[in-house]
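Colleague: Sharing the feature lines straight out of TrEMBL:
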BINDING   22, 85, 124, 459  (6S)-5-formyl-5,6,7,8-tetrahydrofolate binding site
BINDING   231-236, 250-256, 275-278, 335-338  GTP binding site
BINDING   231, 250, 252, 255  K(+) binding site
BINDING   235, 256  Mg(2+) binding site
DOMAIN    221-380  domain 'TrmE-type G'
Ligand code: GDP
Ligand code: ZN
C-alpha cells in the first residue's frame, strides 16, 4: 500500500547530538533531490548509500546547510518505504529551515509516531515491537533500554507466536474430536494433547508474567518517597542520590501539575522520586502538603525511604511516620551516624518491623553503598540481565497476558471436569485471540491510532 510522503525532525536513538530530517514515502528521494546539491543526483545513487553535499533554497539558490544524506530505497528500510535522512550538523535553526524546505516539496509533516506506525502497517514490525520503540525513547536506565531493545528485536513477539502456534495445535486436535465424535481414541488423544500442551502454555504465561513487576519498574521507575522530620537530612540524601546516579536521563513533569518526578539510577533500578512542587527545595512532603495527601502519596509509593535523626531521641512524630508507611516496602535510615547516637536503635528496629534499618551519614557518606544494595536487592531478587529473556513491562501487554492465562486456565479446568470439548475449544480460541492482540494481529483501528498517537515526534 502506498501512502503520501512524510517528514519530521528526528534524532537517531543513542546519538543525541545529531539532528536529522527524515523523509519516508514514495516521493522521499525526489523531494530531497530538489534541495540537494552534491556530486550526483540522489535519484541516480545506489540504495543504502550516504552522500555529502549542500541543501539549497531552490527559490534563491542560497546554501542553507552542509549535510550528509542517506538514501534508502524500499523495502529494506524501517518503514518499508523509500527513506531519506538528511543529517545536519548545524544547530536547531538550520535543521528547522531544512525541514521547512522539505515541506515545500509536497511533503507532509509527520504525526507523532507516524514512521513507526507505517513500519507496523507495512508489516515491517508488529505492534509489540512498535511499542518497544516508544519505550526505547523513554528508557531511563541502560537496563530499561535493554528490555525495550529485546522487545524491539522481537523477543516477546517470538514467544507470543510460539504460544499461539501451540494453541493452534490444540485447536486442531479438538477439531478432529468434534468432527469424529464416534472415534473414541480421538477423545483420549485430545485430552492428552490438551493437558500437555495447555499446561505448557500456562507455564510459559506464568513465567513471562513473573517478569512483569520488574519489567514495569524498569520501564516506569520505582515510585519512591523520602520522608522524615525537618532537618533529618532528606535534602542531603536526595543530593547524594542524584550525585551518585550514573545517569539521570530525564526529568519528566508529572501527570498532575503539582507533582514533580525526578529519576535517579541506583544500580540499574530507576527510582522515580516524587515530590510536590520541586523536590530539591521542599523535599519535606509531610510538612509541605499535610498528612492526608502524604498518606495518599505513601499509599501509591512502591518504596519509602524514612529518615530518622540518630543524633536525637525518637519523637512522637518519628513514631507517627512509621505508622504512615503501613505495608509499603521501606528502608529506614538512621542518619547523622557521625554524631553521638541518642535515638534508641532497639526501638527503631522494633518499629521497622521487617524493613531494613541502616545507619547513614550524609557528611561522611557512610551507609550509601548499603542503601544502594538494599534498594537493588529489595527489587531484583536476581540480576536483571536481559540476555535471552523476554521481559514484559508494558501495562497493555501485562493485562492481555493475564487474560490469556485465565482463559487457558478455564480450558484446562473444563477438560479436567470432563466437559464437552467444544467448551474447551472456546477457551483455547479466546487465549489465542487475546495473545494476538499483543502482537497486533487482532486489534482494532482505533486502538492502533491511540497507541501511535502517544509516540514522540519524528519516530
Ligand atoms: P531536611 O530538612 O530533612 O531536608 O535536612 P537537610 O538535608 O536539609 O539537612 C539538615 C541539616 O543537617 C543540614 O545542615 C545538613 O548539613 C545536616 N546533615 C544532614 N545529614 C547529616 C549527617 O549525616 N550528619 C551530620 N552531622 N549532619 C547532617
Ligand atoms: Zn530539606
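Backbone N, Cα and C define each Cβ position, glycine as well.
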Colleague: Where ligand 1 binds, which of the binding-site residues 22, 85, 124 are close by, with Cβ under 6 Å?
Modeller: none
Colleague: Taking the Cβ of residue 336 (GTP binding site) as the centre, how many other Cβ atoms fall within a 10 Å radius?
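Modeller: So the Cβ neighbour count for residue 336 (GTP binding site) comes to 26.
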Colleague: Please report the number of other Cβ atoms within 10 Å of the Cβ of residue 234 (GTP binding site).
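Modeller: Looking across every protein chain shown, the total is 25.
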Colleague: Report, in whole Å, the straight Cα-to-Cα distance of residue 22 ((6S)-5-formyl-5,6,7,8-tetrahydrofolate binding site) from residue 231 (GTP binding site).
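Modeller: Cα to Cα, residue 231 (GTP binding site) and residue 22 ((6S)-5-formyl-5,6,7,8-tetrahydrofolate binding site) are separated by 52 Å.
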Colleague: Which binding-site residues from the set 85, 231, 234 have a C-beta atom lying less than 6 Å away from ligand 2?
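Modeller: Among the binding-site residues listed, those whose Cβ sits under 6 Å from ligand 2 are 234.
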Colleague: Find, among the binding-site residues listed as 231, 235, the one whose Cβ has the highest number of other Cβ atoms within 10 Å in the structure shown.
Modeller: 235
Colleague: Count, for each of the binding-site residues 22, 124, the other C-beta atoms lying within 10 angstroms of its own C-beta, and report the residue with the smallest count.
Modeller: 124
Colleague: Compare the Cα of residue 235 (Mg(2+) binding site) against each of the binding-site residues 85, 124, 336 and report the nearest.
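Modeller: Closest recorded candidate to residue 235 (Mg(2+) binding site) by Cα: 336.
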Colleague: Roughly how many Å lie between the Cα atoms of residue 336 (GTP binding site) and residue 85 ((6S)-5-formyl-5,6,7,8-tetrahydrofolate binding site), rounded to a whole value?
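Modeller: With the alpha carbons as reference points, the distance is 56 Å.
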